[in-house]
Amino acid sequence: MLKFLVFATCTLCNSIIVQAHPVESNSINVIEVEEETENVFRDNWNYKLEQSRVPVLSNFIRNHTLPPTSNGTSRLLWELDQEKTTHLPQFVDKALKLLNLKQVAFEIENSVMSRVSCTACRAGAGLLQHYTRVGKSEKEIKKTIYQFCVNLKIQSPRVCEGITELFAGEVIYVLSKVKIGPDEICSFVIGDACGDVYNPYHEWEVMFPPVPKPTIVEQKVPEVNAPTFKVLHLSDTHYDPYYMEGSNADCSEPLCCRLTNGPANSKETAAGKWGDYRKCDSPKITVDNMLQHIQETHPDIDYILWTGDLPPHDIWNQTKEENLKILKDTVKQMSDMFPGAPIFPALGNHESAPVNSFPPPFVDNPDSTISWLYDELDIQWRKWLPSSVSNTVRRGAFYSVLVRPGFRLISLNMNYCNNKNWWLLLNSTDPATELQWFIYELQSAEFNGEKVHVIGHIPPGHSDCLKVWSRNYYAIISRYESTITSQFFGHTHYDEFEVFYDHKDLSRPISIAYVGPSVTPYYDLNPGYRIYYVDGDHDKSTRSVVDHESWTMNLREANLYGYPIWFKLYTARQAFGMDALRPQDWDDLVGKMTNDPKLFELFYKYYYKASPVRPTCDTACKKRILCDLHSGRSHDRKNLCQSIESRIDSTSSTTWREWLYNTISVSMSVLMSIPRFTIQLPKYVLGLG
């Protein structure tokens, strides 16, 4: 959001910036950064720690009842189609339209950047660097940002003030320390949309031990009727303690449905009892109801994956104390609701205050350190994790635990790949030595014959993940493909996945990352959660995911009738006609969806958790989503998505008959959603006569 304000501030004065402070040559800038950073921004942590050898999960053999298998065809849930509308920010000021600020705000909020955001980024970074170099104080710069924010009506005065105070100091400090120019900064932060500007200082590679990669064995379908683990995956709760039923849900701020938004002017703009499809987070009553439903419906859960983002989206109004309170309250709630189940958490990007601010260990300034959060995480997570993880949790909020003999779980702090974490501009080289530690843990697991599950928050193929970090992670997954059997992430709020391929042979799928749906409906979504069935304890266990099912509730109906009804939306193998959930099976599904519009429409329905307000998905939307599924490596769509986009283009031509059918289908779904409405159409219109 600060970047949005800076972008808005600087679009007006871009030409002045270029004249006042031309960008220096890349080579000189890089040398200056290297000289300064090598002396200040680094640490020498010894990542070779002794692994925990005591299993967290109790010794038992359980055979859960798996969902029914596929009959070879996928199914369409047409009854879930309802009226589709979209909710976009209401920017009516003519100046904002001329400056394309609406598009910039939308792109920043949705992490889908274009050249518009790139231009704004370069202007903003250039202006801030110019201000710091001409000697303007932090107070003066903050005042300028605030005035532009208010005068251009980018946000309300209180939001402008909060964002300026929370974010400006950190960004100003970082930009004053680096010597690279706006081109390098924005290529680093935004990625593809700003071009691939070469910057040697932010090009680094992890080191692999001199151990040959084991011979690749083709992954087999897990044995039928073998014991399984039943695993709950919760992500992106975004619990809002200040949500208020009846408040304004259509406000002009980043988060609505709160007491401070005032009462709604009409019934249509009022926040519902159980939540809202607009920019509103989860009320306590909804989180409580969901956890109670899970406890009653799934009493046989063996363990829980909890992949972060606990606080709400009021990023202009957050404090460390408030975020810690939400952390403590939600940990207590989870402990009370699931007293017998181990819970394996991962850290989200919203847990810090300000959001996305995760200084690596080399930032030892008492005013900037992140120890206030990591130390409390160690205390709270200790309810489920052994004391042996304390060292790495307090250092970087990552850890490794033995779940069962031969089965390990590694939780990564994905904020060290977050390109909105501006501290990484100081030194992006494997922050907190996390990836090198990750390799050490994986190599030890390989030596011990252990299979590994990886959890985290930001998916490594998402555009929010730094290109250089994602590329190194991709190489690690490729090297240890025989050890890592599944990955689990959150962050996007959608129900999706990412397929990983051999980094030397992009035609061979080797791993799958499951991206779990969000609990929050923010925004245009139904709330949801995921259940996995994992190959359990037996002699030939693969420790891979055997099947998974996604659960949701219809938020519109819950608000209409006064109570939510949680239901199983779909089961992966049955819905998509899959024999198993191996990487090859998911790769085949992406290929089928590229050529089969109805299958993609089914996936798109589940992607939005059957939300009745999901937007229409055009060809560009379809390309983006299928490319995301194909991309475990961020900012590399050229290599990973070219064939998919070509196939979509070749099949996107629509016949008149198809157009007429689709038009009538959409119209019928809207009309039939009106109570007591019936309609008769001639048979020849429907193609039946």
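We number each residue from 1, going along the chain as drawn.
Cβ atoms here come from the backbone N, Cα and C positions, even for glycine.
Where the annotation comes from TrEMBL, it is an automatic prediction and has not been curated.
Candidates considered were C118, C121, C257, C280; TrEMBL assigns the disulfide partner of C194 as C118. In sequence order, S235, D236, T307, G308, L347, G348, H350, M414, N415, I458, G490 are the same-chain residues whose CB sits within 8 A of the CB centroid of D309, N349, H457, H491, the residues recorded for Zn(2+) 2 being left out. Within 8 Å of the Cβ centroid of the Zn(2+) 1 site, not counting the listed residues D236, H238, D309, H493, the chain contributes S235, T237, G348, H350, G490, H491, S518, V519, T520, Y522. Here the CA atom of D309 (Zn(2+) 1 binding site) lies 6 Å from the CA atom of N349 (Zn(2+) 2 binding site). When the disulfide-bonded residues C256, C257, C465 are ranked by how far their Cα is from the Cα of C194 (disulfide bond), C465 comes first.
Under DSSP, the residues of the domain 'Saposin B-type' (114-198) split into helix, strand and coil as follows: 66 helix, 0 strand, 19 coil. The disulfide-bonded residues listed here are C465, C627; among them, C465 has the most other Cβ atoms within 10 Å of its own Cβ.
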